[in-house]
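Since the structure comes first, as structure tokens, the remarks are kept for the end.
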Amino acid sequence: MTGTRETEEAARVSPAPPQVRLSLLASRTQVDVSLPLDVPLAWLTPELVKLARVREAADAQPADEPPKEANRTVWVLSRHGGDTRLAPDATLREAGVEEGELLRLTAQPALSAPTLFDDVVDAAARLNKAGYAGWDGVAARWMTFGGVYGATAVWVYFLLAPAFTANRPALLGLSAVAALGLAGVAAMAQRSYGRSDVGAALGWAVIPVVAAIAWVTSHAWGGYAVAAGCVAVATISVALCYGIGTGRWGYLTAGVIAILTGLAVAVHTAGIPAPVVGVGLAVIGTLGCRAVPPARFTRRGPRPSAEPTDEPNGAPGEDLFARVRSDDLTRAAFRAGLAFSAGLGALAALAPHWPVQPVNWPGLAFALGCAVTLGLYALEPVTAVERAAVTVPAAALAVTSCALAQGGSQPLRLAAFGLLLATTTAIAVAGSARVRGRLATAAAYCSYLSTAALIPLALWVAGAYPRLGIS
């Protein structure tokens, strides 16, 4: 039974207050407000935004973004110190908000309405772009380049493999058509669409196919025919350079390699032994990398006048930068062609009859001497592309020489392995960054010593010491 006194005490207890006082924290201000407990938050949020005078939409968007994009925000209420947002269809009472609690008012980007497409392919492309953010035009272009060079390698294999000798005439015709097609697409990409990267990549893919065609059609006719084929490759490289109009340094590198290789083949055909020809080619290529002058190789164009022009954004300065960049690439192309030719000559001196005749000490010492000298030359150029043009052939020569030396005797194998580690480390350090101070002075002295040591090593490989009575 309930007495009269208990009923009177219960009547004195007031119900839950219809309003609750709390603090609202925005980006730049904090206000204390009293809000009704039984009103949905979706109704309260617009009034709270006006009350706090928050400009988070302008802060969250760039100043130059259209107002349409800037207004795509949703205001969210959440507890301070937590990321859980309060449901907009719930009330403060249902959310469990207590007296004096601190709430945060933030702006979040709203989801855009789905775009309707008339084209199914376009819609699928948009969905793929949203689902795979890393896949874009650049990734697709590089994958295309990889596919083109993979197809080029397949064509070269078909032309050179003995298994396809019976079908070689048909393969020669198809390879010529493929090379012409690549050259035509490269020229169209550069001259019609202004895509210099696509034109250069497709144009460079023609050179291996042309070189394989030249070898297949000329090697059966003797060394002079092979030399003529090398000259033809160099001529086609020049024609591609002027026909496509971009990627000059790649064609220049291929032309230098083809000319020097053809000259070496012609000298060997004349009766000079292969080790002597290889030594001469290696010495010429190595010393030629040092002798490349820093002068301009490009054709001198019209001098920019000092008078003001109507061209915006400093066009004369951009033209000067383009010329300097062109000069750097031209010097890098010459150095790359000479360095690769030096590597070919050193390998010819290292293993002229490999694998019938194993690698000997003179050939290994000369090849590693050329690699070290080229690696030290990489410290002199300023630009990264010029350093890479010498460092990559030097590292390839060092690795290949030590790999071929593993077929020799046991002391030679162990020494080649140790020299491989030391040479690779030295070349990697030399090509990674420019040395300064005392290290630069020490590197210069080492470069002079290695250059001077090439001649005695070359005489050792050529067998000149026994003829001079030096054992």
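A Cβ is built for glycine as well, from the same backbone N, Cα and C atoms used for every other residue.
Note that the structure is predicted; figures quoted are calculated from it, not measured.
Listed in TrEMBL for this protein:
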type: DOMAIN; residues: 141-466; note: domain 'EccD-like transmembrane'
type: TRANSMEM; residues: 142-164; note: transmembrane segment
type: TRANSMEM; residues: 170-189; note: transmembrane segment
type: TRANSMEM; residues: 201-218; note: transmembrane segment
type: TRANSMEM; residues: 224-242; note: transmembrane segment
type: TRANSMEM; residues: 249-268; note: transmembrane segment
type: TRANSMEM; residues: 274-293; note: transmembrane segment
type: REGION; residues: 295-319; note: region 'Disordered'
type: TRANSMEM; residues: 332-354; note: transmembrane segment
type: TRANSMEM; residues: 360-379; note: transmembrane segment
type: TRANSMEM; residues: 388-408; note: transmembrane segment
type: TRANSMEM; residues: 414-433; note: transmembrane segment
type: TRANSMEM; residues: 445-465; note: transmembrane segment
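Through the fold, the transmembrane segment (445-465) approaches residues 275-276, 279-280, 282-283, 286-287, 290, 349, 362-363, 365-366, 369-370, 372-373, 376-377, 379-380, 471 of its own chain, all at least 6 residues removed from its boundaries and within a Cβ separation under 8 Å.
Stretch with the largest number of CB pairs closer than 8 A to the transmembrane segment (249-268), among 170-189, 201-218, 332-354: 332-354. For the transmembrane segment (224-242), the residues of the chain that approach it from at least six positions outside its boundaries are 183, 186, 203, 206-207, 210-211, 214-215, 217-218, 248, 251-252, 254-255, 258-259, 261-263, 265-266, 269, judged by C-beta separation under 8 angstroms. Taking every listed stretch (170-189, 274-293, 360-379) in turn, the largest tally of C-beta pairs under 8 A with the transmembrane segment (332-354) is reached by 274-293.
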